[in-house]
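Data first, discussion second: the structure below is written as structure tokens.
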Amino acid sequence: MGHGCRIQSWHLCFLLVQCASGFFYARGDGAGSFDSQSRIVSSVSYSKTKLEPYGWRYVRVDLPAWFSSVSIALQSDSDYDGGLLKMGTPMVCLRDGSLPLPDASDNAFKVASSFKNGSSAQITSIQNMEQCIPLERNMTIKLTNEQISPGVLYLGLFNRIGSMRTQSKMINRGPTFTYTSVITIEECISSANWGPYCNETLNPLSCSSAYTDPNMKPVDTIVVCGNALGRSCHRENESKMYVIDILEVSEQLSIFAKDIGISEVSSSNKTRNASEITLMCYARYDAMPLSTIYDFSGNISDTPLLIHAPKVGRWFISVIPVRLSDVKNESLKACYSMESQVHQCPEGKAGLNCTFGKYILQTYVHMNSDYVDYYYLPLDETMPSSTTDFSLDSLSRSSSVLETDPSWTYFIMNIPKGAAGKSIQVKLMSDQNIDYEIYSRYGGLASSQSWDYFYSNSTSNSDGATYYKLYNSSQVLVRFYILYAREGTWTFGLKNLTQTTSTSQSTTRMSISLDSCPSRCSNHGRCRSAIDSSGLTLFSYCQCDRNQGGFDCSVVLVTPKGHFWQSFSLIASNSAALLPAFWALYQRSLAEWFLFMASGTSSGLYHACDVGTYCVLDFRVLQFMDFWLSFMAVVSTFVYLTTISESSKRTLLTAVWILTALMASTGATRASNLTLIMIIGVVGLLAGWAIELTTKYRRRDLSLGFSPHTIHRWRNIKGWVWNLFKAFCKRYRWGFLLGGSISFALAVTSWTLESSDSYWIWHSMWHVSIYTSSFFFLCSKKNIDSNEEHPVASYELQRQDSNPRSPQL
């Protein structure tokens, strides 16, 4: 019951934040930038954020349809100076459409290395929107609509990347850094303008008519789109920009020019022969094409430019006339009528000549105590809602209109807004052989020529792609993930390699789901959920156990043999507590004996639980007992070096119990705790000595050494200090005191050197050295003879007796 309520509250909060997010764009101040064609539509400042070692943060940036540029200003206390990159270097990663995941491959680190020799303070030329950059103290990332598409841009900041980022650590120490960010978005004032400076005029191709092609079986629909302004004329090498919106998954986009001719201004717009005109056409999805950056290109003066399976969304088309005439004449213009056709198949059909089946997948929600998953099934009223997979063979046999080999079956799914922090799982299961190839694509139909990810067999697939992970590849089971899939429309094309006339009786089933964590964290961790800094995206991640790491906990960081030695070292090193415990028992100091025995035992039990061997009590209880008793053992050693009454000792230790309990309960693993414990121990030692002086050397004893004469007074003080020093020297065995100091210095060094990578080594050294230092310190204290309890007073009496006396009568 409690877990279910927690998930519901998560989603309620998530939906409320999504609704409130509309204010970011509604509150654009309208202040123009340096170019009057654009204005600032959003400027969001994020307050100072601290990243612990191996910590990370995500920020979602929504780019409106007519944005011109986005500027990301970052200020941090990073110490990167442009030198050699290390795994511990803080990184800022960018990804278009979904969350960056630099641990999924080594590509992010390799791309970041390309910036190490140059400053990244002003970056304006990022073409691939899935890469990482070293985080500097002051840096600005500026991207324009020529480089990225409208929609969603994700920013990720990582304090160290690598497989250890998701590993549960015994202690998390290392360099931390803080950062602040300001994200500013500018957009074009007019929707008719585009470009980074909003100085490009867009000519929309409006779609006004549609007709069916009777020559196609089944009959497909052709949507005709043209320039509402009519014929266009422009000079050689002068570009003209067009835009067309494709609203649904289509089979083909055709771009062509009609009524091509040459117009000469000086001849009263007289049109001449256009046989030598070349109209170069550049098309690009969701961004402005350039002659050097485009998705498709061709000469449309002769043949149309065909784009098979275009993606859903906005397409930008640039037309540039070249070679108008062999004679240089600046008054010549190329004239033409721009037109495009969008071919769409009837409902339930897709592919070549609309001959294959297309199925829309319905979303089903599966809620768990820690996460929410989605699985997808074809729209079928007869399919039980409890199933999570479906028969692929039956859909494949009924999908093909013609008996063509091979046949295709298409599935279309939609990832809702804000769910980009999840991963798509695709699974095929067969009782014999799997005779299918799988092609997946975002935004458009997938095929063997156009895909984002694919699986053909165990040796031919997208293995090596950053956001593709293959888990199973056999004759009867295929399972892979598309990591952190971007929100929107995804299509899957399954190519059936079996002859349509085959009588094979094999049964193949398919499962498509949107999972929170890949492969359930490989059964080596727990799936956690969090919300990005903007509050607009819910993402999931794996929190791995002590021995595993990686984004899916599949990377072995500690082998079984290494785990054994780490566990043995951390647990067995606490046997060093027997040394001070033995000496305390020998001296009949039962309180100190019990404390050291309890400290060593609790530390061993805590580390046995921490490394995953066995937990006698709850982990937090064991952690509190370990650190609290360790703190007490250190401080009680200092107090033991004093010679004060039991009541005074109980008073000091009671105050120490309270302080150390607060430290252990509020932040046991803080690196500053050792400094605080040393301060408390030294204060306890000084307080014990002060109590000892005030009780053993009372004012009446001290007053004996004072004389009304100044010379005698200074002589008495000097003698008192000298005797006090001699008494102090006689109280301790200085060889043991030196050994204790050396061991304590080694303990301090071990504590300082502790890190997530080498914790087990240095913490084991800490156990041995801190208990050894306690043993030496305990041995350094001598048993004071009662005859020497008042050395100062004895000295004063002897000095007074040495004075000449008057003869007695």
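Numbers here mean position along the shown chain, with the first residue as 1.
Here the Cβ of each residue, glycine as well, is placed from N, Cα and C on the backbone.
According to TrEMBL, the feature signal peptide maps to 1-22.
Within the chain, the domain 'EGF-like' (513-554) has long-range Cβ neighbours (under 8 A, six or more residues past its boundaries) at 10-11, 13-14, 17-18, 20-21, 44, 46, 49, 57-62, 99, 101, 103-104, 154, 162-170, 370-376, 388, 415, 418-425, 469, 471, 481, 483-485, 563, 610-612. Taken from TrEMBL, the feature domain 'EGF-like' applies to 513-554.
DSSP assigns C527 (disulfide bond) to a strand in the three-state reduction. The feature disulfide bond is assigned by TrEMBL to C517-C527 (among others).
Under the DSSP three-state reduction, C553 (disulfide bond) is assigned to coil, being neither helix nor strand. Contacts of C553 (disulfide bond) defined by a Cβ separation under 8 A and a same-chain sequence distance of 6+ are given as T166, C521, S522, N523, H524, G525, C542, C544, D545, in order along the sequence. According to TrEMBL, the feature disulfide bond maps to C544-C553 (among others).
Taken from TrEMBL, the feature transmembrane segment applies to 627-644 (among others).
Counting same-chain residues at least six beyond the ends of the transmembrane segment (651-668), those with a Cβ under 8 angstroms from any Cβ of the stretch are 623-624, 626-628, 631-632, 635-636, 639, 644, 676-677, 680, 684, 687-688. TrEMBL lists 651-668 (among others) with the feature transmembrane segment.
The annotation transmembrane segment is assigned in TrEMBL to 674-691 (among others).
Residues or ranges marked as transmembrane segment in TrEMBL: 734-753 (among others). Note on the transmembrane segment (734-753): residues 671, 674, 678, 762-763, 765-766, 769-770, 772-777, 779-780 of its chain, located 6 or more positions outside it, place their CB under 8 angstroms from a CB of the stretch.
Through the fold, the transmembrane segment (759-779) approaches residues 169-171, 173, 566, 569-570, 573-574, 576-577, 579-580, 583-584, 587, 592, 596, 600, 603, 630, 633-634, 637-638, 640-641, 733, 736-737, 739-744, 746-747, 750-751, 753 of its own chain, all at least 6 residues removed from its boundaries and within a Cβ separation under 8 Å. What TrEMBL lists as transmembrane segment is 759-779 (among others).
Beyond its flanks by at least six residues, the transmembrane segment (674-691) meets 631, 634-635, 637-639, 641-644, 648-649, 652, 656, 659-660, 663, 748, 751 of its own chain at Cβ-Cβ distances under 8 Å.
Neighbour counts were taken at the CB atom with a 10 A radius for the disulfide-bonded residues C527, C544; the maximum falls on C544. C517 (disulfide bond) is surrounded by 25 other CB atoms, counting those within 10 A of its CB over all protein chains shown.
For the transmembrane segment (627-644), the residues of the chain that approach it from at least six positions outside its boundaries are 577, 580, 589, 591-592, 595-596, 598-599, 602-603, 652-653, 656-657, 660-661, 663-665, 668-669, 673, 677-678, 680-682, 684-685, 688-689, 691-692, 695, 731-732, 770-771, 773-774, 777-778, 780-781, 784, judged by C-beta separation under 8 angstroms. Mapped onto three states, the DSSP output places C544 (disulfide bond) in strand.
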